[in-house]
Amino acid sequence: MTTNPKPAYRRILLKLSGEALMGDEGFGIDPKVLDRMAQEIKELVEMGIQVGLVIGGGNLFRGAGLAEAGMNRVVGDQMGMLATVMNGLAMRDALHRAFVNTRLMSAIDLAGVCERYNWANAISLLKSGRVVIFSAGTGNPFFTTDSAACLRGIEIEADAVLKATKVDGVYSEDPAKNPEAELYSELSYDEVLDKELKVMDLAAFTLARDHNIPIRVFNMNKPGALKSVIMGNTEGTVISHKKRTET
């Protein structure tokens, strides 16, 4: 593992899946997981890293699944947006309990619950050392929270989008099905598309590619992995315009 003395990133957009908050519960939010994530984010803030956060809603609701069962997709996606707000409220509370100043913003109006997303305010809050949680996706149906993460990452001029998953990075195949699958340490955007690797949905991925924002995929369940990524160590998979070095 390579070790850098200084953080590799100044400002990040951290994308957490809703499923990551479930832990072993199978549904909803596991308070132990929430508190652990809050502590890891706190460690970054204490290092001077500016942290924007997008959380999915799959632990509470999945609009696409109900759309297949007959529900109007727009309605389903709107319910999914509200699920991300619920997760955002839970994470804000966990961060406040960890004594981390945090602001929750929503892409849709929810007066009395959280403030409406405003780009300039978000930048100011990040510069002042607050964690900013971006909820309700992009505010539009048919767009995933991965798209929201890339969009907000580009808007706040983040140095990278860090996608926290349950696996150690991007593999050549599903490691659950093939234990011999190769874990990539680095990939180019084009290689991901050519190999049809599942990193995030195409709309989100091409948005990141077109705006040249690197994507780091890592295992959030691995202790110290988030800090390792921030320090620029060879943790997980980094995706950028740089071609992969063949070994």
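Along the chain as shown, the residues are counted starting at 1.
Note that Cβ sites are derived from N, Cα and C of the backbone, with glycine treated the same way.
Note that this is a predicted model, so its numbers are computed, not measured.
Per Swiss-Prot, the UMP site holds ASP77, THR138, GLY139, ASN140, PRO141, PHE142, PHE143, THR144, THR145; the candidate it also names there, chosen from GLY52, GLY57, GLY112, GLY169, is GLY57.
Swiss-Prot assigns the feature region 'Involved in allosteric activation by GTP' to one of the listed ranges (23-28, 233-238, 239-244), namely 23-28. When the Cα of PHE142 (UMP binding site) is compared against those of the binding-site residues LYS15, SER17, GLY58, THR165, ASP174, the shortest separation belongs to GLY58. The two recorded residues, THR165 (ATP binding site) and GLY57 (UMP binding site), have Cα atoms 14 Å apart. The binding-site residues listed here are THR138, ASN140; among them, THR138 has the most other Cβ atoms within 10 Å of its own Cβ.
Taking only the Cα positions, the spacing between LYS15 (ATP binding site) and GLY57 (UMP binding site) is 12 angstrom. Counting only residues at least six positions away in the same chain, the Cβ atoms of GLY18, GLY80, MET81, LEU82, ALA83, THR84, MET86, ASN87, THR145 sit under 8 Å from the Cβ of GLY57 (UMP binding site).
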